[in-house]
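Shown next, in structure tokens, is the structure this report addresses.
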């Protein structure tokens, strides 16, 4: 008991030190902004913050806007957002030196002088990538991740790191070290996760461009919940070297790194900058596919598949309306909309995603929490991962008639043999080819899909892991998928929510109905999807949706 008490005290000391560093970061931000304002009282931060990224980067490159004016305008706004939402974990002090150097250097790079925020799990030299784990504190990265290196070579200035949920396997944004991040649009709501700090900071206007990751919706949830845009590219389109993973080594569900921004044109500019020779030379496993301008700027009418529901997670009234209204606008603009029928999404979620990510019965994931003081809202999962096989079999069998989804989760979290894992990977590959065959039979260019929304109340994502079906499908398929906000929740949506039952009418469906309530005025997005390696077409479709 004494040893345990001493170990816990040592852990709390590490947490306290990290929180002090976070506080010192904010104090430093306040000091540098104050100093700049005193030296340049005539600079209008509001006019700088109102510029969209393409216009801002143009002014920076032509010299009509100095990089320090832009930098300190965003540091000031980021500080405000950090105070309101607790989205920033660390201010990257070396960014001040970068700004000074940028003023003296030639104005080169598509992102010259642009301040960029970086998710906690993406390595920045000299800074921790914690994933919300105490054991990862005081272990600064030896070098920048490839993505950060490319951003810097393109003239960008990474200036803050942002908060994540413990382990990243969550679409909320809370950990024991840095606490809960709140949605900038409504503080009682989650900003989404796991790139939740990015969603809150970009959504609140404290960063013009953010970089996050996605293994089940971790870019798309924060973007949708905070009313901004994001794209999850094909898994290997951008380098993941130097990026920490929630479940390292698993290949069943493709992870990806991608940008978040206020508008689609900003995402396109970011991908133009990242898909450069720098990226391909720093990481030769990335295919040398530069940004295809012709596809992105095309105006030819599109043939668009669509569906309103996946028949697994019943869409909220606002989600359904968002798809219907977007479909109507696209048809009026001359595009062809074709119904697409989704089947067996429950099998995909449980057999491919859950079983694929935790093919070792969850033991490597559980190991990550060894020595931690909190289990990040994954209590039931921990219990299942540790339960003996006979007990899981019994629970699976007895719960199937009453709570079929619980039975499926229990069945999915079992240890597989190597042969079974290979067989699973083959099944996922076959499913992907079947999905593409269905897509090509309908001669589709892109797909319009629902996106979970509006933002759930803080704490609800931990109770609603099953609600990731709309996003996780495209990680299993490894298709590029982006989100665009298209509408706000109305009083009528709220009224219709009273009749929400769900497809299973189980505890999860009842909880999801509660989580959606009280959201009038909150944004709701749609998901835009393309075939693998067609990020430019995905962005072109997103731009069309955004414009309409």
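Glycine is no exception: its Cβ is also placed from the backbone N, Cα and C atoms.
Note that TrEMBL annotation is computational and uncurated.
These features come from TrEMBL:
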ACT_SITE  119  active site, charge relay system
ACT_SITE  194  active site, charge relay system
ACT_SITE  218  active site, acyl-ester intermediate
BINDING   168, 194, 215, 216, 217, 218  substrate binding site
DOMAIN    73-539  domain 'Amidase'
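Positions of TrEMBL features highlighted on the structure.
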residue : record                           : contacts (Cβ under 8 Å, 6+ apart)
119     : active site, charge relay system : 161, 162, 164, 194, 195, 197, 198, 210, 211, 212, 213
168     : substrate binding site           : 121, 131, 132, 193, 194, 213, 215, 218, 244, 245, 246
216     : substrate binding site           : 169, 171, 253, 353, 468, 471, 472, 475
217     : substrate binding site           : 171, 452, 468, 470, 471, 472, 475
Residue 194 (active site, charge relay system): tally of other CB atoms within 10 A of its CB: 34
Additional residues surrounding substrate, by Cβ distance to the 168, 194, 215, 216, 217, 218 centre under 8 Å: 169, 170, 171, 193, 195, 213, 214, 219, 221, 246, 255
